Amino acid sequence: MQLRDALEQLLNKHDLTAEQMEWVMQMLMSGQATSAQIAAILVALRAKGETVEEITAAASVMRSLATQVTLTDKTHMVDTCGTGGDGANTFNISTASAFVAAAAGAKVAKHGSRSVSSQSGSADLLEKAGVNLNLTPEQVAECVETVGVGFMYAPAHHSAMKHVIGVRKEIGVRTLFNILGPLTNPAQAPAQVLGVYDSSLLMPFAQVLRELGSKHVMIVHAQDGLDEISIASLTDVAELKEGVITQWTIDPSEYDADHPDLSELKIDSAQDSLNIIHAVLANDHSAAADIVCLNAGASIYVSGVVSTYAEGVQMAKNVIANGQARTLFNQFVEKTQSFA
């Protein structure tokens with residue numbers, strides 16, 4: 001098979017088999033495809049619409065090429081990483097939630113990078129807080145095991161991405177790689193809360209993660225467009241638990257966390273985001289604190305620390321109120337600095 005054959009097939013709106021897709025991905029990720037070929041394949045895939053089988057095959061290739069973070073004990077381990085691209089410019093909700101979930105007993109292997117489409121990516125924010133991002137996989141594992149949170153800076157773990165990064169920037173449209181990021185956690189966390197930018201991705205993501213072996217996952221998209229669980233609208237959920245996918249809805253008013261809009265969550269910089277997170281962890285009872293609890297609650301739930309989502313939300317409120325989340329945030333910063 002040539003890349004030209006794959007391209008012809010996609011242009012004729014024919015899906016690729018798992019084997020074909022794996023071959024195509026190997027070509028793209030190994031530097032054997034030219035920039036023009038990479039762009040053509042990515043655009044043709046998006047125009048056709050990526051299938052669950054194609055996404056699963058692509059994700060498994062990316063996982064196999066990633067620099068792994070090896071954790072022997074995966075009890076209560078969870079990843080929080082969304083697709084981004086919701087255009088809402090809110091503070092780093094899933095990053096803040098990671099520390100709250102960890103304070104509640106989850107082990108968070110967070111995977112993220114610098115901003116692509118927002119004012120502040122998780123890496124931008126953590127750097128502002130004084131976190132050392134240049135850790136070896138062993139040091140990341142040590143953070144997860146001792147503090148409860150580890151941050152994997154995506155470019156350091158996905159070096160094969162260097163072959164496609166230039167093309168992604170040049171074409172500037174959403175492609176398969178926006179979808180793959182959250183599916184390729186280098187620590188292979190068995191549980192995950194994953195926010196998506198469109199409700200059409202809820203079921204496909206749940207199906208892909210089932211194929212990839214995830215145990216308990218919540219894929220979320222809020223009806224106001226947010227790729228997080230929202231305080232200003234209902235949030236649609238596709239939940240994968242032990243092989244079964246169920247769809248349900250989260251209503252913030254049921255958790256005393258509903259607000260008229262998202263205006264209090266908007267930011268212009270990583271510093272703004274950090275200021276909001278410090279206030280939340282200082283127990284400021286704000287709209288920001290409410291959205292952190294709704295999202296951390298999901299991580300606490302899928303990690304297996306509690307048995308219902310409602311218990312997860314309550315536990316998130318507790319560890320913020322008693323200062324445990326704030327203490328853990330500071331411990332994490334210090335731990336990463338100790339490796340410098």
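Including glycine, each Cβ sits where the backbone N, Cα and C put it.
Quick look at what Swiss-Prot lists:
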- Gly82, 85-86, Thr90, 92-95, 110-118, Ser122: 5-phospho-alpha-D-ribose 1-diphosphate binding site (BINDING)
- Gly82: anthranilate 1 binding site (BINDING)
- Ser94, Glu228: Mg(2+) 1 binding site (BINDING)
- Arg168: anthranilate 2 binding site (BINDING)
- Asp227, Glu228: Mg(2+) 2 binding site (BINDING)
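The two recorded residues Gly82 (5-phospho-alpha-D-ribose 1-diphosphate binding site) and Asp227 (Mg(2+) 2 binding site) have their Cα atoms spaced 7 Å from each other. The secondary structure of His111 (5-phospho-alpha-D-ribose 1-diphosphate binding site), as reduced to three states from DSSP, is extended strand. Ranking the binding-site residues Arg168, Asp227, Glu228 by the distance of their Cα atoms from the Cα of Arg114 (5-phospho-alpha-D-ribose 1-diphosphate binding site) places Arg168 first. Closest by Cα distance to Glu228 (Mg(2+) 1 binding site), from the binding-site residues Thr90, Ser94, His111, is Ser94. Counting other Cβ atoms within 10 Å of each Cβ, the lowest count among the binding-site residues Thr90, Ser94 belongs to Thr90. The number of other CB atoms found within 10 A of the CB of Asp227 (Mg(2+) 2 binding site), across every protein chain shown, is 25. All protein chains included, Glu228 (Mg(2+) 1 binding site) registers 26 other Cβ atoms within 10 Å of its own Cβ. Here the Cα atom of Arg168 (anthranilate 2 binding site) is found 19 Å from that of His111 (5-phospho-alpha-D-ribose 1-diphosphate binding site). Highest Cβ count within 10 Å among the binding-site residues His111, Arg114, Arg168: His111. According to its DSSP assignment, Asp227 (Mg(2+) 2 binding site) is coil.
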